[in-house]
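Engineer: Annotations for this protein, taken from Swiss-Prot, read as follows:
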REGION    1-104  region 'N-domain'
BINDING   ASP34, ASP86, GLU158, GLU160  Mg(2+) 1 binding site
BINDING   ARG47, ARG70, GLU158, GLY231, ASP233  DNA binding site
REGION    122-253  region 'I-domain'
BINDING   ASP179, ASP181, ASP233  Mg(2+) 2 binding site
REGION    341-349  region 'Interaction with PCNA'
REGION    360-395  region 'Disordered'
COMPBIAS  360-389  compositional bias 'Basic and acidic residues'
Amino acid sequence: MGIKHLYQIIQENAPDAVKAGEIKNHFGRKVAIDASMSIYSFLIAVRSDGQQLTSETGETTSHLMGMFYRTLRIVDNGIKPVYVFDGAPPKLKSGELAKRFMRKSEAAEAHEEAKEVGTAEEVEKFSRRTVRVTREHNEECKKLLKLMGVPYIDAPTEAEAQCAVLARAGKVYAAASEDMDTLCFDSPILLRHLTFSEQRKEPILEIHLDRVLEGLDMDRKQFVDLCILLGCDYLDPIPKVGPNTALKLIRDHGSLEQVVEAIKSDPKKKYTIPEDWPYKEARELFFDPDVRNADHPDCDFKWEAPDVEGLVKFLVEEKAFSEDRVRNAAARLQKNLKTAQQSRLEGFFKPIAKTEQEKAVLKRKHEEKLELQKKKKKEDSKAKKEAKSKPRGTT
């Protein structure tokens, strides 16, 4: 799930933190990819009849098709991926997982009903909601990656947290995931849409945490508190507290402790804190997650030459993939993994830290930009209201 409405808040309050670009802009970089999130996205890439891709024997192959060809596209563009798989979820996440299971069970029933009486759109919608990543999906993807010569890591718990460790240590340029909570785990850079298909034509979004904090004028603790208030995998949001209210509460009070105190002491009782809302434990999971240090032997990864015959045996003989396509893809993989060894020029230079004066100038420019955005928003809203109030047919 990630963090509800966080990207919207960043867009509105720290637009300079987000850079949209093409996949080729990341040539020569190493990237840690949240495997489970990627596999989930491959599984929901269904056919028009609402069914997943399958082999002749009826086995699901969407996850393997996605992992093989999307990884190939990443390597074709000179990027060296390392995939990170989820371990056991933290205990605090069990409530969220139970809710997801219930939603999927309800969706499965609705899917069956839609197949009987619903439209094609309804069948596809409910089919997507029933999808979940199984242990078998993970194991088959690991087998495939090994045959491709692409490294992977098993995280003790959350994959995003382990990706963040690798990014902070400089072992990879960025963490890649659709989950915005990767920023809560202190990943300096988050890439979104990296494993999307080329047909979707979505730009790769590069989000810089330091610019997010600068734009929001918060330290990391306040940022994590904001994310908890917005609603995360560990806790639901406080009822009736939307994104703008959450941002205002953190800005006004500075911490969740103060926010909770203010809500409880409010005579109007505008908001109600849920009875079981362990925000301190949630915060601790973001600040001290169960991860392996970057110098741990399990985090020592390298890229190998693909096992072409192994790929043919697994994908062609066992999963009924096209042999010509698999052999051609393996040849591209072998060639491009070597090409990706080339270093980017930026790797030879260390960034120069900004002076306090430069920081102040940037902050002022950012505040001016925000004011202009607010002013434009007000003017647009006013123009819409005026247009609505005019009788039809008048100019």
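Glycine is treated like the rest: Cβ placed from N, Cα and C.
Predicted, not measured: the structure shown is a model, and the values here were computed from it.
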Engineer: So around the Mg(2+) 1 site, ASP34, ASP86, GLU158, GLU160 aside, which residues have their CB within 8 A of the centroid of those CB atoms?
Structural biologist: SER36, MET37, VAL84, ALA155, THR157, ALA159, ALA161, GLN162, CYS163, SER177, ASP179, THR182
Engineer: Sort out the residues at least 6 away from either end of the compositional bias 'Basic and acidic residues' (360-389), same chain, that have Cβ-Cβ distances under 8 Å to it, and list them.
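Structural biologist: For the compositional bias 'Basic and acidic residues' (360-389), the list is 12-16, 214-215, 217, 354.
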Engineer: Report the DSSP secondary-structure composition of the region 'N-domain' (1-104) as helix, strand and coil residue counts.
Structural biologist: 53 helix, 17 strand, 34 coil
Engineer: I'd like to know which of these binding-site residues, ASP34, GLU158, GLU160, ASP181, ASP233, is least surrounded, judged by other CB atoms within 10 A.
Structural biologist: ASP233
Engineer: Going by DSSP, how much of the compositional bias 'Basic and acidic residues' (360-389) is helix, how much is strand and how much is coil, in residues?
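Structural biologist: For the compositional bias 'Basic and acidic residues' (360-389), the helix, strand and coil counts are 30 helix, 0 strand, 0 coil.
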Engineer: Can you tell me the CA-to-CA distance separating ASP86 (Mg(2+) 1 binding site) and ARG70 (DNA binding site), as a whole number of Å?
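Structural biologist: Per the Cα atoms, ASP86 (Mg(2+) 1 binding site) and ARG70 (DNA binding site) stand 20 Å apart.
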Engineer: Please report how many Å separate the Cα atom of ASP34 (Mg(2+) 1 binding site) from that of ASP233 (DNA binding site), as a whole number.
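Structural biologist: If we compare the Cα positions of ASP34 (Mg(2+) 1 binding site) and ASP233 (DNA binding site), the gap is 15 Å.
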Engineer: Which is it, of ARG70, ASP86, ASP179, GLY231: the one of these binding-site residues whose Cβ has the most other Cβ atoms within 10 Å?
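Structural biologist: Answer by Cβ density within 10 Å: ASP179.
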Engineer: Please work out the helix, strand and coil residue numbers for the region 'I-domain' (122-253) from the DSSP assignment.
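Structural biologist: The counts are 68 helix, 15 strand, 49 coil.
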Engineer: So of all those binding-site residues, GLU158, GLU160, ASP179, ASP181, which one's Cα sits nearest to GLY231 (DNA binding site)?
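Structural biologist: Given the candidates GLU158, GLU160, ASP179, ASP181, the nearest one is ASP181.
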Engineer: Whole-number Å only: compute the distance from the Cα of ARG70 (DNA binding site) to the Cα of GLU158 (Mg(2+) 1 binding site).
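Structural biologist: ARG70 (DNA binding site) and GLU158 (Mg(2+) 1 binding site) have their Cα atoms 22 Å apart.
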Engineer: Given the model, what does the mean pLDDT over the region 'Interaction with PCNA' (341-349) come out as?
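Structural biologist: For the region 'Interaction with PCNA' (341-349), the model's average pLDDT rounds to 53.
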Engineer: For GLU160 (Mg(2+) 1 binding site), find which of the binding-site residues ASP179, ASP181, ASP233 come within 10 Å, Cα to Cα.
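Structural biologist: For GLU160 (Mg(2+) 1 binding site), the binding-site residues whose Cα atoms are within 10 Å come to ASP179, ASP181.
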